[in-house]
Amino acid sequence: MAIHVKNNIHWVGQRDWEVRDFHGTEYKTLQGSSYNSYLIREEKTVLIDTVDHKFSRDFVQNLMAEVDLNTIDYIVINHAEEDHAGALSELMARIPNTPIYCTHNAIDSITGHHHHPEWHFHTVKTGDTLDIGNGKQLIFIETPMLHWPDSMMTYMTEDAVLFSNDAFGQHYCDEHLFNDEVDQTELFEQCQRYFANILTPFSRLVTAKIHEVLGFNLPLSMVATSHGVVWRDDPAQIIHLYLKWADSYQEDRITLFYDTMSNNTRMMADAIAQGINDVDPGVAVKIYNVARHDKNEILTQVFRSKGVLVGSSTMNNVMMPKVAAMLEEITGLRFQNKKASAFGSYGWNGGAVDRIQTRLMDAGFETTLALKTKWRPDGSALEICREHGREIARQWALHPLDDTPARRVISPVKQTTVAPQSASAPAESACGCSEVAAPQSTAQPAAQSGNGCMQCSVCQWIYDPALGEPMQDVTPGTMWSDVPDSFLCPECGLGKDVFNPIR
């Protein structure tokens with residue numbers, strides 16, 4: 001059933017109440033989702049995007065009930081992923097000569113998915129327009145890597161509607177279409193979850209692209225997303241939230257997550273959290289077992305936090321697999337402006353904590369205060385864990401704290417191994433079980449330093465002045481300041497503004 005959006009614009013998309021996995025099984029869509037397609041009927045009839053491929057037949061049948069397919073003059077594909085363009089094959093089988101407007105990269109993606117290079121593609125770039133009659137135009141805005149290289153937005157003049165693609169959306173299903181009609185708590189939780197899990201790696205691009213769009217000084221009455229609600233009540237609010245979230249976002253919050261074999265690491269997590277609360281009762285603290293909790297919720301909490309503590313029992317001298325997988329996710333999301341610490345229990349060798357600490361450093365976190373406990377923590381060891389939490393609270397505080405401790409105990413920063421391990425057999429410490437690792441360096445290791453190298457913040461490709469970039473006529477010995485402004489990253493195709501110096 002079509003839903004009226006504004007004037008001659010109607011929603012002709014598909015709700016998906018049952019979907020629980022997205023991007024394979026990487027994103028849990030616990031609130032379902034929607035695939036938003038829009039039909040514009042001015043002097044020219046335009047279809048913007050389709051729906052997920054599994055709804056192809058339903059989509060085309062519903063569209064035929066709304067409009068004669070042969071009257072569709074143009075199809076605009078903002079993004080070629082299958083949840084946006086999945087019904088193209090079913091639709092184009094009926095109207096094969098209808099022109100498709102998309103970016104150059106989208107042609108490759110669409111052809112790769114649907115295998116119809118004969119379709120009539122029209123490549124568009126930022127600033128290109130399409131006259132649709134009645135004094136109205138569509139303006140196209142390329143948004144590469146938000147979140148695919150082929151992505152773009154489409155703006156409709158006069159009606160002042162921005163068809164924003166994945167940006168500003170959320171995997172959220174509701175019978176109501178507009179943001180002012182749905183549960184606001186649910187809505188904004190899903191917006192933040194979406195940003196944290198999908199768009200965080202591209203935060204710098206989000207900021208740059210939003211400012212580029214705002215620089216056009218176009219009026220805005222609605223933001224029509226590809227998933228979730230249409231923003232009609234104060235549509236600028238979600239844009240301002242994106243700018244906030246993209247700017248090294250953090251709250252006064254600490255997240256702990258762990259996996260454990262015998263509950264020993266869980267006991268450590270509980271005690272550390274108690275210690276944090278002793279010193280800073282105002283900070284929000286959440287604890288998650290990665291084997292039992294929703295992964296995307298944990299990642300959202302890490303995104304919100306000023307710091308994260310990651311724990312694991314040692315198994316085969318490495319961390320437990322679910323913790324390793326979570327750290328791989330975190331590395332890819334490239335969170336900014338966050339501190340981190342590793343902790344964990346072990347029996348004869350505590351290799352997991354060392355590996356976690358290294359992975360956190362590699363992921364760009366400022367690391368401090370790793371903590372190891374041997375065997376099952378007793379009362380003395382748990383008190384060391386609490387003091388570890390107190391020291392974390394002091395070091396990570398965003399505001400002045402009361403310097404008077406709740407209880408006077410030995411600081412874990414000064415603690416060393418109580419009883420050394422024998423080379424032949426594990427020795428138990430004097431307190432029964434605990435050891436505190438030496439504080440780790442807070443400096444992130446750099447691949448190169450002091451040589452003028454620049455690293456792409458999106459794909460991590462490194463420009464080395466000693467090598468230059470011959471494919472773009474940048475000769476060896478060319479310093480970054482002398483590289484032409486037209487330079488593009490050879491890996492992701494983005495410009496100089498996404499590069500940062502390697503220090």
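Backbone N, Cα and C atoms are what each Cβ position is placed from, and that goes for glycine too.
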Further binder of Fe cation 1 named by Swiss-Prot next to His79, Glu81, His147, taken from the candidates Asp58, Asp108, Asp166: Asp166
Per Swiss-Prot, what member of His10, His227, His240 joins Asp83, Asp166 in binding Fe cation 2 at one site? His227
So among Thr260, Ala342, Gly347, Asp362, all listed as binding-site residues, which is physically nearest to Glu81 (Fe cation 1 binding site)? Use the C-alpha atoms. Asp362
Which of these binding-site residues is closest to Asp166 (Fe cation 1 binding site) if you go by CA atoms: Asp83, Ala352, Cys456? Asp83
Inter-residue Cα distance where the pair is His227 (Fe cation 2 binding site) and Thr367 (FMN binding site), in Å: 37
Neighbours of the Fe cation 2 site Asp83, Asp166, His227: Cβ within 8 Å of the Cβ centroid, same chain, sequence order. Ser33, Tyr35, Asn36, His79, Glu81, His84, Asn165, Gly169, His171, Thr225, Ser226
On the region 'Zinc metallo-hydrolase' (30-210), the mean of the pLDDT values is 95
